[in-house]
Structures are given as C-alpha cells and as structure tokens.
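Asker: I am attaching a structure below and will ask some questions about it afterwards.
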Amino acid sequence: MMKELIKDMYEEFKRKNFALNEKVKIKNQKVKENKNSGNEELKQLRESIKDGKLKLEVFKTNLDNAAKSLPNSTHPDTPLTEALLIKQFGEENSSAHFNDHVNLTKSLDLAEFTKAGKVTGSGFYFLKNSAVILEQALINYAIDFLTLQGFLPMTTPDLVRRSVLDNCGFQPRTDDNQTYFINGTAEGSENQLCLSATSEFPLAGIHSGEMVDLKSPIKYAGIGHCFRAEGVAGGTNRGLFRVHQFSKVEMFALTDPKDSEKVFDEFIDLQIKLFAGLGLCFRVLNMPIVDLGAPAYKKYDIEAWMPGRKGWGEISSTSNCTDYQSRRLNIRYFSKENNNRPDFVHTVNGTAVAIPRLIIAILENNQKKNGDVIIPEVLIPYCLGGRLKVIKHQKSLLEMLD
C-alpha cells in the first residue's frame, strides 16, 4: 500500500515538475518577444512560477520523507512472526542458590541505582569497584580480539546530526521516543544534534557523500556510549537490563554488495567466539520481520541465559542493511561487476559487547554459594594486571587482589 502511494506521489511530482518547466519555457519565450519586463502578463507568470516552485519544494519534501519511511526488503529466510532458533551454545544454569544481578550488585557493592536516581532519574546507574574494572576489561577484550581480526578501532562521538540518524533508518518500533535531542542546536532541522543510540550511526556517517575504495570490506570496531530514551519500567527491566545510557563496542562494515552476506556470517562467528570465550550459555536467533526495524534486510540476535530473569536476555544484534543506509547517506564505490560504474555499498553492523547485559550474565552465571563471583578467565589479564580473579563478598577491591 505504502509503495503504491509513493509511486503515485512520484508520478504526481513528475507531472508538477514538467508543468512548472513548461511555464518557465513560456516565460523565457515571452521575455524574448517582449523586452518590456513590466508586462502584466509576464509579472503574473513570474508570480505563478515562484509560487509553483515553493509548492513543488514542499511536495518533494513530503515525497522524500515518505520514501525514507519505507523499510528495507527482507531476506527470503526471514521468519514472519516468531524468531527461529539457529543454535544454542552451553546449558542453562539451573542452580537454586543464585541471586539476581540487582541483589549481587548490592551485596558486592558494584552499583548505585537509588543514588543515580537522585542525580539523573530512573534508568541510570553508577558502576563502582570491581564492576568498573569488569566494564573496562570487557571493552579491552573485545577491542583486542577485533583488532587482531582486521577491524580498525575507533572511538565515536556521543552526538550526531539528526540527518545522520534519519538516514541510518533509525525508526523505533515502539511509540516511545527513543532519542534524546539537544535543545539549542538547530532545533527541528536536520542539523539538530542528538545523543547517539549506537556507534553504528557515527560510523556510518563518517563516509557519507564519499566514494570509498572497497578492495576489501572496511571494518570498524567502535567504542561509544549509547543513549536510549525508551521506557525502563517493569520487573524484568530493573537494574542494568534496560537503561538510558551504556557503553558498547560495535562492529560496523562497508562492503561490496556481493560480500555483505559473507561479512554478516563473519560477524556472527566473531560474536560466538567472544561470548563462548566468556563461558556464557547463549543462543543465536533468526529474527522475524516484525522485529527487524526499517534498515535490516536480515537480523540475528544473540541471547544469553540470565538466571535472574529465569530466561533469556538479548546481548547482541547483527544486521545486514544492504544498501538501505548507503543510498540515504550516498556512500558509493566503483563496481567491478558494473564496468567500474558507481554503485552503493552495503553496510553490516553487529554488537561485540554491550556492557550492562554482559555484566548481568557474568554476575548471575558465575556466582558461588558464598556470594563471590568468578571473573571469566579471558578477562583476568585485563583486570588490574591479572590480580583480580574473583569478586569477593564483603571485601574491598584492594583486599580481593592476588
């Protein structure tokens, strides 16, 4: 239905544009025939052309906005309404002695939720003590791993222009406005600044309006903060599970269209290695059309087992956006398959580590009966020079060190 409406709008735009150009031709001819620019008929014609241009500009803006609202096409293997299990790694921890992560952060003195509420409101938090070390360890673990796989590490700005956000196709699936807008920065215009919901947006925007050299995929590992204004109410969302701000390492790639499926599969393989290295129980899901979002042609989520939820919690998402973003951002390359003519690149994005939810999974799955939490072996080299191995109950950070 929407496609047909946009087609009709485009045909109407062409008719209006043609009619306006015809008026301009008539005006130019009359100017040649009558040198008297004060001719009343010419004045009326000029006014009509001026008015027509303004109306056509408004119509084109509406057409562009309607076209941009169209979602990407979908992969033929994408399920319609229910996620499809691809594979599960590890077994769910069904131990009866566990505490959920909120209680663990209290008993181990790892976070402040109530005090954060006094500073910024609900949905925010302070990490402290060993949790801070754990966050930095997860970031360094992911960056080291990805850099050795050929990714270029990048830190990304927290602020992006609204135009970048729109051109990346960020259209929230809920009615909640998920974006924080910065007042006093070209409010309401495409240049208004926003707090970025993911490093994907600034990484995509780097090459907007460029011709890129794609001898091989361009792959970035972006370290950034993510800001989500979405609602956080609900028992299953408490603590660190759904928050307004968090740190994340994001994988992002620009690829030749023929390589995007291969890069997508590579991202999934890398995520599996990262999460298996942490000793987590997790599963890979092929997400249904209703959960894809506008840009994604294909999307896989990875969920970790979280005993405190008595179920699974999403820890990463990977999307092949084909040329949906690159067309809007005008990122092209010279295509060998098309006689070296310019063509649009494909973009692929995926979460390497989203800190709060990985902290949840580690705390809840690695706790011992005495309340201590064992740090995953792969993270120990990043934890105070390898001296922090166990987050110990009723011990200060310095007292925990070997």
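Each residue, glycine too, has its Cβ placed from N, Cα and C.
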Asker: Kindly point out which candidate in Glu210, Glu250, Glu364, Glu377 is recorded by TrEMBL as part of the L-serine site with Thr198, Arg228, Asn349.
Answerer: Glu250
Asker: Average pLDDT across the domain 'Aminoacyl-transfer RNA synthetases class-II family profile' (100-376)?
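Answerer: Average per-residue pLDDT within the domain 'Aminoacyl-transfer RNA synthetases class-II family profile' (100-376): 93.
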Asker: Rounded to a whole number, what is the top Cα to Cα distance in Å among the residues the record ties to L-serine, namely Thr198, Arg228, Glu250, Asn349?
Answerer: 18
Asker: Ile315 (ATP binding site): which of the recorded positions Thr198, Arg228, Glu250, Asn349, Thr351 is the nearest Cα neighbour?
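Answerer: The smallest Cα gap between Ile315 (ATP binding site) and any of the recorded positions is with Thr351.
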Asker: Of the recorded positions Thr198, Arg228, Glu250, Asn349, Thr351, which one has its Cα closest to the Cα of His244 (ATP binding site)?
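Answerer: Closest by Cα: Arg228.
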Asker: Give the sequence-ordered list of residues that share a chain with Glu250 (L-serine binding site), lie 6 or more positions from it, and have CB atoms under 8 Å from its CB.
Answerer: Thr198, Ser199, Glu200, Leu203, Tyr220, Ala221, Gly222, Gly224, Asn349, Gly350, Thr351, Ala352
